[in-house]
Amino acid sequence: MSHHKKRVYPQAQLQYGQNATPLQQPAQFMPPQDPAAAGMSYGQMGMPPQGAVPSMGQQQFLTPAQEQLHQQIDQATTSMNDMHLHNVPLVDPNAYMQPQVPVQMGTPLQQQQQPMAAPAYGQPSAAMGQNMRPMNQLYPIDLLTELPPPITDLTLPPPPLVIPPERMLVPSELSNASPDYIRSTLNAVPKNSSLLKKSKLPFGLVIRPYQHLYDDIDPPPLNEDGLIVRCRRCRSYMNPFVTFIEQGRRWRCNFCRLANDVPMQMDQSDPNDPKSRYDRNEIKCAVMEYMAPKEYTLRQPPPATYCFLIDVSQSSIKSGLLATTINTLLQNLDSIPNHDERTRISILCVDNAIHYFKIPLDSENNEESADQINMMDIADLEEPFLPRPNSMVVSLKACRQNIETLLTKIPQIFQSNLITNFALGPALKSAYHLIGGVGGKIIVVSGTLPNLGIGKLQRRNESGVVNTSKETAQLLSCQDSFYKNFTIDCSKVQITVDLFLASEDYMDVASLSNLSRFTAGQTHFYPGFSGKNPNDIVKFSTEFAKHISMDFCMETVMRARGSTGLRMSRFYGHFFNRSSDLCAFSTMPRDQSYLFEVNVDESIMADYCYVQVAVLLSLNNSQRRIRIITLAMPTTESLAEVYASADQLAIASFYNSKAVEKALNSSLDDARVLINKSVQDILATYKKEIVVSNTAGGAPLRLCANLRMFPLLMHSLTKHMAFRSGIVPSDHRASALNNLESLPLKYLIKNIYPDVYSLHDMADEAGLPVQTEDGEATGTIVLPQPINATSSLFERYGLYLIDNGNELFLWMGGDAVPALVFDVFGTQDIFDIPIGKQEIPVVENSEFNQRVRNIINQLRNHDDVITYQSLYIVRGASLSEPVNHASAREVATLRLWASSTLVEDKILNNESYREFLQIMKARISK
C-alpha cells in the first residue's frame, strides 16, 4: 500500500484529532510550549491556533485501521448523543478543543456543574484518541542517533494515566494509586487479547504495598469505624471510581457493573464532626486501609515472634560472625518492634547439636539470676524434642534483662568450640515446633555449609560446569528437596525464614535461598566476611539491625482483582502461591516488591478498566487491617496509543522476573535469549505496525521516546552478574538472582544500570546540604548529576563514584593531580591511597573531602531497604605505575570488577550498547 511509505515523520506521529508536535518535544510527556514565547507562529510550528479543531480537509496520515475509524466517527458521535448512560455524564468530543473551566479538585463531581478541566502543564496534552478521549501522544526517536542514551529518562515518572476527572467521585491526585504503590506496564490497556498479542508488549503490575521500613512514615488514611463496603458479586471494595445511582441510594461497581445498596452508615457521622460520604477515605483515596472487623479474623492477631537460629560452629567463631551477631542483637534489642508489648524472643545455638536456653522472667531475678539461664543440649538430630517449650519463647518486655544477660554469655560459652558441623535442617525443624503455634520469623545466621542431619549439603564441583548449559541444573538448582518441602509446612503455620549467610567458603545459596523464597523472607549473602575487617562488620551489623527493627505484618494474603476482561495469571516474588489468585505471606516485609502478570481474557467494552490489590494482614500491634490499592487505566483499540503509554521501567521489571524464572527453571542461555528477544520483538513490531516503512538497511532504528531506555536496560541486564556469560561463582550468581526477583523497582533499575557520578568537576552545591527557601540547611545532601555508565566518559585524571545499589566504587584516575589526591585522601602520592574495601579518611580542612563523604553517606541513607553499600576504592591505570607494585594483583581485580558495572561498554564477550543496537537493527531488517 503506497500510502504506508509516508509514515516516517520528523515530528510526533499523527492520529485523528491530534495536534502535530515537534520532534524535539521532551519525553516528560508535557504539552508543547507556547510558540509565541519563542517568537514563532503556530503556522510555523505546524500546529493549529489554540482551541482550533483540525480541518477535515487537511491531509491526515492514517493507518488503515485509523482510516476505518475515521469514517466511523460521525456515526459514533451520533450514537453517543442517543445513549443514556446511568449516572455517567456525556461529554461533547469537540469540547476538548474549547476553553475549559477548571474542575475544583477535592470536590465531589455530583456537586459540580463545570465541564472537564483542560490538562495542566506537565499532564498529557489534549490530543484525542480514536474514541475522542485525551490520550498520550507518540514521539518517535532514532535510537542510534541518541547515543549516548539520555539516562535522565530513567528518573522520569511513567506516562500519565489519562483519567478524566468526571470518572472520579472526588477528583484529586489521591484518587488514583501512586506509581510508588503500583505500576502497570501499559498505561493504556488494549481492549482485546489480539491487540495485546500484536503489540508484543507485556501486561503486568509491579506492586509494592509498603513504601518504608517503618509503618509510622507516611501511612495511608485509615478507616476505623468498621464499615467496609464491598460489591456483592465480585467482592471488590468501594473506591473512588464507583458511581452513585438512584439519588445516592445505590452504587454501581466499576469492576462488574453490579448495582449495590449503599449502607446507611455511610451517611452517618459524629455530630461533633459532621462529614458526608464524600469525606470518607474509600471515596477520596485509591490507597487506604480499613481496621478489619471480627469477621475478617480467624483468631486473635498473634504476637510478633522472633526465633534466632545462630551458628556457633568453629568457622562462625573464627570469622567473627558470632561475635558480630551477638553485639548487634545487644545493641538493638530495644529496636525490635514491640508496639503492643507482646513481642516474643527465642534463641537457639547450633553446631552438631541444638542448644536451647531457658530464660526466666526479670521479676524472678535474685542474686543467683545468672544461674537461672539454663542451656539444654539436644544431640538427637533425628527426632529433636523441646525440653521446656514454655520457657524458651519468652516475652521481650518481661525478660528484657535476662535476654541481654544470655547474649553476653553466649560468646563465652562457645569461645573454645572446635566443632565444625552445622545441623541446620534439624535446627529448623526444632524452631518450627517451637513457634509453630503462633507463627513468626526464624532468622538464621550462618557461616557454615549445613553438613549434618536432614538437609545436609555437599560442596558442588563447579569446574567444567560453570558457563555451560549444565550450570542451572548442576549449580543453581536445589540440592536437597528438604529446603522446598519445609517451606510448605512453614506456610501452613505462618512462619517466615530469613537467612544471613556470611562466609569465606561455599554456602550453596542456590539451595538455602528456597527457604526464604517460598516463605516471604529474604536471603542476605556476605561473601568473604571477616570480623577482622571493620567494613565487613559495619555492613553486616547495619543490615542485620535494620532487618530486625523493620516493621512487618503477619498472617497476610494478597489478591489482585481486575475489572471485566482482566485476569491475574502469573505471580512473581517471595511468597507462597496458595491458590490461582491468592498469594500468602507468613510475614510481609517492607523492603520487597512483587509482579503480577495480567491476561486480557475477553474484549473490554468500557473506556476504562480497573485493578484493585487487597492485602489482608495482622500488624505487630495486635490490629487486623486491610490495605486497598486501586488503579484505573484507560483502554484503547489503537496500537499507537498502547505504545505511547507503555512504562519502560515496569516492562524492564516484568522481563527481569521472567528471566529469573527462566534461569532457575531452564538455563542461563534461555534467560539471555528471552531478554534479547524482548527487545527485538518490540523494535520489530514498532517498525512494522507504527513506522510502516519499506526502506532498507539505511533506515533509522525507530522507537517511541517513552521506551527509549528499554533496550538499554535489557542489554544491561544481560551483563548483570545474574545472567552474564563467563565464570561467575555459583553462590554469587544465585544470590544475584535471588535479589533481582524481589528488589523494589527503583533499586532494581539501579542494580541493572548503575548511577555514575563525576566528582572532580561536580557542581559547587553538590555534596552540601539542600537549602530551604529561608537559607537553612536540611538533612538531605545535593547529589551530582549522573553520567552515562561508560568508560569513554572517564578522564585519566578524574574522580568517579559508581553506585549499583549493592556496592560503591570510588575510581581515582591513575593520572590524577596530587592536589586532588590530597584533598580526598590526605596524601599526595596516589600509590599511598588505600584500595579495596575501605572508607575515605577524614581530611581536616578539606571541604572537598567532606563533600565526597557526604555524597557517599547520602547514597547509603535508605528508609525503605536495609541495604548498606560497602565502598571499594579503585586506582585507575597509570603509565607511571610500578610493574611490581605490592597491590598490583588486587588493583587489577578491582578494576575488572568496577569496569563490569560500566554496562554501555564492551564487557568480556558482551558487545557494547552501540553494537547491540546495530545487531538489533540488522535482525529486524531481515
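Here, residue 1 is simply the first one shown, and the rest follow in order.
Here the Cβ of each residue, glycine as well, is placed from N, Cα and C on the backbone.
Features as listed in Swiss-Prot:
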- 24-50: region 'Disordered' (REGION)
- S178: phosphoserine (MOD_RES)
- C231, C234, C253, C256: Zn(2+) binding site (BINDING)
- 231-256: region 'Zinc finger-like' (REGION)
Rounded inter-Cα distance in Å - C256 (Zn(2+) binding site), S178 (phosphoserine): 23
Least Cβ-crowded entry, counting other Cβ within 10 Å, from the binding-site residues listed as C231, C234, C253: C234
Integer Å distance between the CA atoms belonging to C253 (Zn(2+) binding site) and S178 (phosphoserine): 22
Environment of C231, C234, C253, C256, the listed Zn(2+) site - residues of the same chain whose CB lies within 8 A of the CB centroid: R232, R233, R235, S236, N254, F255, R257, L258, N260
Cβ-Cβ neighbours of S178 (phosphoserine) (radius 10 Å): 16
Per-state residue totals over the region 'Zinc finger-like' (231-256) - DSSP helix, strand, coil: 0 helix, 7 strand, 19 coil
Segment confidence, the region 'Zinc finger-like' (231-256), expressed as mean pLDDT: 95
C256 (Zn(2+) binding site): tally of other CB atoms within 10 A of its CB: 16
